[in-house]
Amino acid sequence: MPELPEVETTVRGLATVLDGQVIRSVRVNRADLRRPFPVDLAQALTGARVTGLSRRAKYGLIHTDRERTMVFHLGMSGRWRIDPEDIGKHDHLVLETGEGRVLSLNDARRFGSVDLVDSDKLESWPPFAALGPEPLGPDLTPKLLAGAFKDRIAAVKLLLLDQRIVAGLGNIYVCEALYRARVHPAREGGRVKPAELKLLVPAIKAVLEESIVAGGSTLRDYARPDGELGYFAKDFNVYGREGEPCACGGTVERIVQGGRSSFFCPKCQK
DNA sequence: CCCCGGACCTGGCGGC
DNA sequence: TGCCGCCAGGTCCGGG
């Protein structure tokens, strides 16, 4: 579920309820996801004021006035719920604001994470230090990809999923971006031509931006009770469409790369 | 450094 | 209805 656009949409939705607010209470129902929660999580957040929210790659950041930032990752199944009607067994962390709004971090598969990081050390926090540039920022250029792909025999699909090269892409949007750029997902990285990289970079930015806009358009739903952040319906050109027709008349195929499904049109993508 | 496969965890869905 | 295998939007680690 959560790739960059979903995390971005989640952060924006959380901000409407959290930004500037004091966290009145913190309830930890299960203190570990991928790794244990910080032992002092509740103590550190209770009474803190949220000074802003942001995103880095697929991580959401909740900044506080205590020089510490709560960093969350949604893994495969994580989502934030706003004012949920009930708290279930997968609602692992529940925050209440000074205004009485309730925010619940729900993650059935528990691949997500919650960390507290000193706000002035975010850049050097190990998970962040290893990340490549933001795909929507100025640093993702055809030249950057050319450098990262040079002499690599790994499939371009897998290289684009490598967060050290570009930070924030996931399975869905890599499939969609490669489709738009007409590049076959199994092509060796080092064999993607400069002209194709010039198509691929704007394709990546476009699929992400369009999805953020689509997510934003559903944001108003999140203001309702039981709104769930992190999920919005989109229609994809190839993702999840094995066997369905491509606009070109071809048929979408599925292959497995790195243990994960890749969808593509063999007629469009070479 | 690179490449690959498997592990982590739970739930939903389709087939029999 | 029940059981079983397959699938799922992401990292992370270890062996070659």
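Yeah, the Cβs are placed from backbone N, Cα and C, and that goes for glycine too.
Note that the structure is a prediction, hence the values are computed from the model and not measured.
Sequence annotations record features per position, and here TrEMBL assigns active site, schiff-base intermediate with DNA to A:Pro2. Counting every protein chain shown, the number of other Cβ atoms lying within 10 Å of the Cβ of A:Pro2 (active site, schiff-base intermediate with DNA) is 24.
In three-state terms derived from DSSP, A:Glu3 (active site, proton donor) belongs to neither a helical nor a strand segment and is classed as coil. Residues or ranges marked as active site, proton donor by TrEMBL: A:Glu3 (among others).
For A:Lys58 (among others), the entry in TrEMBL reads active site, proton donor. In the three-state DSSP scheme, A:Lys58 (active site, proton donor) falls into the coil class.
Residues or ranges marked as active site, proton donor in TrEMBL: A:Arg260 (among others). The Cβ of A:Arg260 (active site, proton donor) lies under 8 Å from the Cβ of A:Asn171, each of which sits 6+ residues away along the same chain.
Over all protein chains present, the Cβ of A:Arg152 (DNA binding site) has 17 other Cβ atoms lying within 10 Å. A:Arg152 (DNA binding site) falls outside any helix or strand according to DSSP and counts as coil. What TrEMBL lists as DNA binding site is A:His90, A:Arg109, A:Arg152.
Residues or ranges marked as domain 'Formamidopyrimidine-DNA glycosylase catalytic' by TrEMBL: A:2-112.
The annotation domain 'FPG-type' is assigned in TrEMBL to A:237-270. Cβ atoms under 8 Å from those of the domain 'FPG-type' (A:237-270) belong to residues 155, 157-158, 161, 171-172, 175-176, 178-180, 182-187 of the same chain, restricted to positions at least 6 beyond its ends.
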Most Cβ neighbours inside 10 Å, all chains, among the recorded positions A:Lys58, A:His90, A:Arg109: A:Lys58
Those binding-site residues, out of A:His90, A:Arg109, A:Arg152, that come within 10 angstroms of A:Lys58 (active site, proton donor) at the Cα: none
Secondary structure at A:Arg109 (DNA binding site), reduced by DSSP to three states: coil
Under 8 Å by Cβ from A:Glu3 (active site, proton donor), same chain, sequence gap 6 or more: A:Lys58, A:Gly168, A:Leu169, A:Gly170, A:Asn171, A:Ile172, A:Tyr173
